[in-house]
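Asker: Just dropping this structure here.
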């Protein structure tokens, strides 16, 4: 046999279909067709993005053509040419920024690509080429919209050839930018990393593009950046195309014999050779090819970034060790006897908590509800199908009672109204119409007081990701326990709750983001229960505490639930298809059918005997098989199909049963207040004072920010690098004020810093606020605090971080650029930069607070950034803005910042004259409209914008609720 196996198999004897002979299943052309088809389908389904981008271009185009209107645009001097340069630069920058959406869209598709690439669905080039080629018509369309709206209205050279040349350049810059951001997506592979890369790329493109700083003023060590910037080629080509045209061939004999167009080009350091148009086109085509080839190369060579790890407790590590090595180590789960472990027979029993006692007493309370009806406005889709009713009824007169020390399962098929009933009882519904009576130990339920004695464990396990398990519990106890409880008792109670739900070994673990890092799903479930338990509630609602868990994890969670019930609390759980062990852990069952009606409300009994007896007593219902799960059997025999087959309605059967009459008697009994009892009363809505709420919220935000280096450290790193780039690019240019171009260079450095770091601040804060807002909805509904302390903490925690950012940026840039070290000038520079970074950050927060999620917030915010860019006072000075738009320059916060920065630095220089003899302060006043004695008003303005955005953020958080239940 050995000698036979040594002889290689003769493949010619094989059947042709037995082995694969190619790496991919179909030909290269078919692969390309399939990928093109898939990409086209994705683009159609994502059409909102492309439509929105075109609408945004139409809005910006309308603003641009009315700001740079041809009746206001003259061709009399070099200064007029500078305004035209601003209009052209705006067109280039608009298409550059418009491609930024490519970054997020490319990263969103990468996980699928990596999976399919590794499974040999297709090669990287087959994926990359359609992504590039199908975007080309989009670029042509977007640029056509822009140029048709703006070219002739602004008053560029009317020659039709120059019109199409201008159009071609815009298409090329759009394609180049798309390619660049796709490369950065493939290289970064993560949104935070790629976003930072993207911002650096835009920064270098813009600053070294030849507009913000003239070529003649760029230092020798940065000139390579000028020659490498694609925007430089576009800027030179578009300027040459315009200023060498017929409209600019006016000769100004007093200055030189050059035409006005050539003078404009020379004043801005642009090449005057007409061949530079074709050099620019060629360079842009080269960059488009380079970026798209690199995109395919990076897709082929790079693998996805590693995923974060879940926290593993000591017990899990021990168990894994035992399973791996087979050592006989007894597994004791956190103080529980080994017979309570789910691995031993699977029976779920609680620890003896009654004997152990809890540090804080509570009052056991029952909750009864009678004839509860819940309805919502009829959806328009159903009205379109011919339904005439105004309301859709989701709960049809359900009644029941939940008692202390009794664990009740709320069950039913999907759509039966389990979670709806729980939300109605807990007061978590944000809309709809509720009818019926709800009583707490005999007294009518008042939601404000009820929130103080009830806990609600949501299915989604929403927690702040950057605090530890222990800190989450301390925070919840701090805000929800009565002020009478001193810190020592509170501490002891938190420790007891951690032991009760078996979290002691995880006390120092960070919570993390679900499915990304931090706690596992089962650990998060237990944390959710613990966060509610530390409020010392009498009634606890749990929405599907075992969903998404394996059998072992579900058993651990249910043991924590059982332990909670054994302390004498009233606990109600919605649960979906539990195992036999989990089902047997419940004492009573509230079973509902589709349509919101109850069909069984009563005890389960040992091995679910009462439930089985009830349904088997109904004629025609099939008997349960031995060993079959009662929960599964119960749902199977009560379906609508079974009702039709048996010719009965289980809700009516229940209504006519003794069980229903017993429940009604119990509801009547529990709805009468016990003798000597009093209604729930609290002197104020929240457990803690407004000041304590503010302190607690600020404490948690501090912990969250300190442990989130991907936000805080990245921002400082980004700021430091930008400061060094700006400082070395504009090195020692601050003292040079002998020429107009020197002043333009200085203003360019200030404008670029404000726009770049400001927008980066606004963009980075949005995902942070979006995550925390979700936590805020849960905590506010739980009665932990009002909206204002949360908003206060979110606003105030940014101040020290932005202050540090300003100090780092200000010291580096101020010293390297060489601005005047006079105390007041330095103070005003730092003052304006600090409040500018702050109002951009608050603006980003405000955009999130006013929109449903951070994606929409980013789109809305970006639209305003583009408008602020036009009216900032750099592309077109305030004095040159048409009178019908000048009001908006006062409503643009960036314009106030630039006014303050330029006027404080240069507005008082009267002893230096420019090349034509005009004083610096006179030129600043005449050209930009800036006066030094107005700096104080500008300071008040930027503080006002900061306060305004913070106030609108707080107001929106308080008034708007995008959570729909």
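Even glycines carry a Cβ here, placed using N, Cα and C.
What TrEMBL says about a protein is an automatic prediction, not a curated fact.
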Asker: Need the matching range: TrEMBL marks transmembrane segment on one of 18-38, 81-101, and I'd like to know which.
Answerer: 81-101
Asker: Do the transmembrane segment (166-185) and the transmembrane segment (81-101) share at least 3 Cβ pairs under 8 Å, sequence separation 6 or more?
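Answerer: Judged by the Cβ rule, the two regions touch, with the required three close pairs present.
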Asker: Can you work out whether the transmembrane segment (132-154) touches the transmembrane segment (48-69), with the criterion being 3+ CB pairs under 8 Å where the paired residues are 6 or more apart along the chain?
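Answerer: Answer yes: the transmembrane segment (132-154) meets the transmembrane segment (48-69) with 3 or more Cβ pairs below 8 Å.
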Asker: Hey, which of 276-299, 856-875, 887-906 has the most Cβ-Cβ pairs under 8 Å against the transmembrane segment (48-69)?
Answerer: 856-875
Asker: I need to check the long-range neighbours of the transmembrane segment (887-906): which residues 6 or more away from its ends have a CB within less than 8 Å of a CB in the stretch?
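Answerer: Same-chain contacts beyond the ends: 734, 737, 743, 746-747, 750-751, 754-755, 758, 819-820, 824-825, 828-829, 831-833, 835-836, 839, 843, 867-869, 871-874, 878, 881, 920-921, 924, 928, 930-932, 934-935, 938-939, 941-942, 945.
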Asker: Below 8 angstroms Cβ to Cβ, which residues of this chain, lying six or more residues outside the transmembrane segment (746-769), approach it?
Answerer: 195, 199, 202-203, 206-207, 211-213, 708, 711, 714-715, 718-719, 722, 726, 729-730, 733-734, 737, 794, 798, 802, 805, 809, 813, 817, 833, 836-837, 840-841, 843-845, 847-849, 854, 857-858, 861, 865, 868-869, 872, 874, 894, 897-898, 901-902, 905-906, 928
Asker: Count the CB pairs under 8 A between the transmembrane segment (934-957) and each of 81-101, 276-299, 826-850, 856-875, then give me the winner.
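Answerer: Of the candidates 81-101, 276-299, 826-850, 856-875, 826-850 scores highest.
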Asker: Give the nonlocal contacts of the transmembrane segment (81-101) in its own chain as ranges (CB under 8 Å, at least six residues past its ends).
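Answerer: For the transmembrane segment (81-101), the nonlocal Cβ contacts are 49, 53, 56-57, 60, 64, 68, 73, 75, 142-143, 146-147, 150, 154, 156, 169-170, 173-174, 177-178, 180-181, 198, 202, 205-206, 209, 211, 231, 234-235, 238-239, 242-243, 248, 260-261, 263-264, 267-268, 744, 862, 866, 869-870, 874-876, 880.
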Asker: Six or more residues beyond either end and a Cβ under 8 Å away: which residues meet both conditions relative to the transmembrane segment (856-875)?
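Answerer: For the transmembrane segment (856-875), the list is 52, 56, 59-60, 63-64, 67, 86-87, 89-90, 93-94, 97, 100, 747-748, 751, 754-755, 759, 762-763, 766, 770, 843-844, 847-848, 850, 881, 885, 888-889, 892-895, 898-899, 928.
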